[in-house]
Amino acid sequence: MNSENASLLEQVRRELAPDGLIMRFLPLWVALALVMGPTYYGIIVSSLSPTGQGHEPIVMGILIWLFWSRKAELASGAGASGRWVAWLIGAAGVLLYVVGRSQAISTIEVPGHILIATALVLHFTGWKGMRAVWFPLLFWLVLVPLPGVLTDPLTRSLKMLVSQMAETILYALGYPIARSGVILNIGQYQLLVADACSGLNSIFVLSAMGMLYLYLAGHRNVMRNIVMLLLILPLAVVANWIRVMALILITYYLGDEAGQGFVHEFAGLVLFAVALLLFFTSDMLLGRVMKERKHGD
């Protein structure tokens, strides 16, 4: 067993001790699991369906890790200063939860969970705890299902953009491809650029991943952070386009069955990997440019 695994096991043992963060608030964790568990189980099942995005389990894992990495700050906080605000936020969260759960509307219910968690952090750890977990609470918003009335018009535009980009590049490279709206014909195959391939949800999630990258990178250069923030949305669109290009080429060379297998099993992972590579490469190049300019001045 290496030192990192041993350190992680030691942390878990400490938190499972009677005075640890887990055992000290065990009834609270059980209550939260009973309240929130069914919702996120449903989100995971939906995400793994043929029409799902597939990113939700990854986001949940990242979210748990973000909170776990801030456990020391949470354990050392004192909540006397923010309890009245916590009660107000908690009341709003419970209201959203009750309405969303009773009507089976996750778009309302999940924000209720976030407000309840915010209220608990503020009540038990005060503003010090809030400063420690402001980003995990913000990142939680990625799991809020966006309503169709908002996403459908924008998704249509994104599908058209991705289809046009794919057709233009592949035609220039000599592939037998033609497009009718968001339907692409390449060789003997016909592909529909579906919502799951280029929808607003994917762009939203990739943008959040870009913000996560910046948060973890912790750059102190304000201009570098601003430029990277401005690049997040275009890079998310490019990552989506690369996924669609991969699907088209796999279908063309290996057949429709291979293409559909890629969509169902690997498309989500490829999307995250490509997006992370684009964010990292852009940040590295930007850092070098700014470093050279600084030395030049």
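Positions of Cβ are set from backbone N, Cα and C atoms, glycine also.
The transmembrane segment annotation in TrEMBL covers 21-43 (among others). Panel annotation: around the transmembrane segment (21-43), residues 15, 56, 60, 71, 74-75, 97, 101, 106, 109-110, 113, 116, 120, 124, 143, 145 of the same chain, lying at least six beyond its termini, place a Cβ under 8 Å from a Cβ of the stretch.
What TrEMBL records for 84-100 (among others) is transmembrane segment. Long-range contacts of the transmembrane segment (84-100) within its own chain (CB-CB distance under 8 A, at least 6 residues past either end) are made by residues 35, 106-120, 122-123.
Residues or ranges marked as transmembrane segment by TrEMBL: 107-126 (among others).
Outside the transmembrane segment (132-150) by six or more residues, the chain places 40, 43, 56, 59-60, 62-63, 66-67, 70, 73-74, 77, 106-107, 110-111, 113-114, 117-118, 121, 125, 200-201, 204-205, 208, 211-212, 215 with a CB less than 8 A from a CB of the stretch. Per TrEMBL, transmembrane segment is recorded for 132-150 (among others).
Per TrEMBL, the feature transmembrane segment maps to 170-192 (among others).
The annotation transmembrane segment is assigned in TrEMBL to 198-216 (among others).
Below 8 angstroms of C-beta separation, residues 158, 161-163, 165-166, 169-170, 175, 177, 184, 186-187, 189, 191, 193, 197-198, 202-203, 206-207, 210-211, 214, 219, 262-263, 267, 270-271, 274-275, 278-279, 282-283, 286 of the same chain, each at least six residues beyond the ends of the transmembrane segment (228-254), sit close to that stretch. What TrEMBL records for 228-254 (among others) is transmembrane segment.
Summarising the annotation, TrEMBL assigns transmembrane segment to 266-286 (among others).
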Residue numbers, six or more beyond the limits of the transmembrane segment (266-286), whose CB comes under 8 Å of its CB atoms: 53-55, 58, 196-197, 202, 206, 209-210, 213, 217, 219, 224, 227-228, 231-232, 235-236, 238-240, 242-243, 246-247
